[in-house]
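Here TrEMBL flags 37-503 as domain 'Major facilitator superfamily (MFS) profile'. Residues annotated as transmembrane segment in TrEMBL: 33-55, 75-96, 103-121, 127-148, 160-180, 192-210, 322-342, 362-380, 387-406, 412-435, 447-467, 479-497.
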Amino acid sequence: MYASREDIGYDFGDDSKVGSKPIKPNPNIDGGWAWMIVLSSFLVHILIMGSQMALGILNMEWLEEFNQSRGLTAWVSSLSMGITLIVGPFIGLFISMCGCRKTAIIGGILNALGWILSAYASNVHYLFLTFGVTAGVGSGMVYLPAVVMVGQYFQKRRALAQGLSTTGTGFGAFLMTALLKYLCTEFGWRNAMFIQGAISLNLCVCGALMRPLSPKDAVGEKCVVRSNSEDNRAKALSHSAETIKSNGVLSEESEKKEEATHEEVLDSVQHVEAGGKSRSRRSMYGLRLLKTVSQLTLTVRKGFAIWYSSYFGAASLFTNRVFVAFVIWALFAYSSFVIPFIHLPEIVKQYNLSSQNNVFPLTSIIAIIHIFGKVILGIISDLPCISTWNVFLMANFTLVTCILTLPLMQTYVSLAVVCALIGFSSGYFSLMPVVTEDLVGTKHLANAYGIIICANGISALLGPPFAGWIYDITHKYDFSFYISGLLYMVGIIFLLIQPCIQKKQPREKSTEEAQA
């Protein structure tokens, strides 16, 4: 295993637990307004992820209303969940141009619009567009900024902060399930969706709380001093990752030239405004419009250049091999967590454990322990002597072991123990933004985490149908767990191999230089 983050090539200057000291600590970093950001992110997880976990209530109403097949109707909730994650890379473009606050507010409006329009659905295909696509894209536009802002405001306690904010998913699953059940019973599913749309407008309030750090604060956040021994070790172990830092997203020279050109335009506009008081108001409005358009053009061009370079330029995130391995892992990981929720009820019925499961459902055990797992793993990861990467890997190994052994359990107690371990180990979801930020730095977090959740979205979309297809062929639920577990193990192996390659390459290079 790896002793520290530096051992896998994490040298990006955004934070370091060992041997680093902020030059000018900002009171809002790891404290102050940072906890309001955590509260905002917590509420976002309740309203978005919690609502999506409670869609089973609405799914039953849609089946009864539209008389369509279960498979076709299930695509409504699957689209909403999948699109929320898959649009991540494109939401990164919005964040680069508009910032997290504006992106989240626009997403809140779009999400609420999707819920309200769905109240007037005449068929399932209408729900595909209004709820699956519209509400899904809106959810993605709020979810990604909520995760990114927590990463920007925390350095020492990032894992704990992410753990606390993501527990909103578990609380939201309980709260939103009870709320939607009550609303559907009292007012019908159409009015329930209309009311839920009004509630979703609170996402705009959550977005308004995402106050961006000023450039001065960001500089203070990133200025760290390392010891010489750490520098030498980090240089030797972060060869491909340094490509992103050395090249940058935009070259400073081209950025300065572009800004200078636009500043000349703005100065000329302001000069004309000052000397043209005697002119008509119409011409003044035209000049102000030109100034606004010029500023907007500059913002859009810079934002698009940052987004494009992160994916396709010389400083592409994909030049970091460990990050590529992380993306491959994400393609297999999420479905392995979703599949137990789908097949556990059938396994319980197969082993005649329905009476015990009705008293305390196994899926509820996973959901409850999952909340505690996120917080506890976050606290452990923030300890100075503990590596977040090692905690992340150990949690993954525990989860894949549970997935592979769950079909072998035939008693309620043994299944409950395995489900509790699944819930606890799956708390590593709160560590994903932390590991991503360690890999690419705060500057690239929005685009990088957008790719990760996109991979998770693909896994969430394709995993359950794939498991159902395996059952149709084998007529056994066991193989769904075995195959998904083996694919998950392949992803973990990628995470283990790439850091070793990262270490080996600099050593070989230094040997060749010594011989020369």
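For all residues, glycine too, the Cβ spot is worked out from N, Cα and C.
Curation does not apply to TrEMBL; its annotations are automatic.
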At a C-beta cut-off of under 8 Å, are there same-chain residues at least 6 beyond the transmembrane segment (127-148) that contact it? List them, or none.
40-41, 44-45, 48-49, 52, 62, 75-76, 78-88, 91-92, 94-95, 100-101, 103-104, 106-115, 117-118, 121, 162, 165, 203, 206-207, 210, 433, 445-446, 449-450, 453
When you scan the chain for residues with a C-beta under 8 Å from the transmembrane segment (322-342), skipping those not six or more beyond its ends, what do you find?
8-9, 240-241, 363, 366, 396, 399-400, 403, 406, 419, 422, 426, 435-436, 439-440, 448, 451-453, 455-460, 462-464, 466-467, 480-481, 484-485, 487-488, 490-492, 494-495, 497-499, 502
In this predicted model, what is the average pLDDT of the domain 'Major facilitator superfamily (MFS) profile' (37-503)?
77
With pairs closer than 6 in sequence left out, are the transmembrane segment (387-406) and the transmembrane segment (479-497) joined by 3 or more CB pairs under 8 Å?
yes
Mind checking which residues of the chain, 6+ beyond the ends of the transmembrane segment (412-435), have their Cβ under 8 Å from one of its Cβ atoms?
147-148, 150-151, 158-159, 162-163, 165-167, 326, 337, 340, 344, 347-348, 353, 356-357, 360, 362-363, 365-370, 372-378, 381, 388-389, 391-392, 395-396, 398-399, 402-403, 405-406, 445, 449, 452
Going through 33-55, 103-121, 387-406 one by one, which has the most CB pairs that fall under 8 Å from the transmembrane segment (160-180)?
33-55
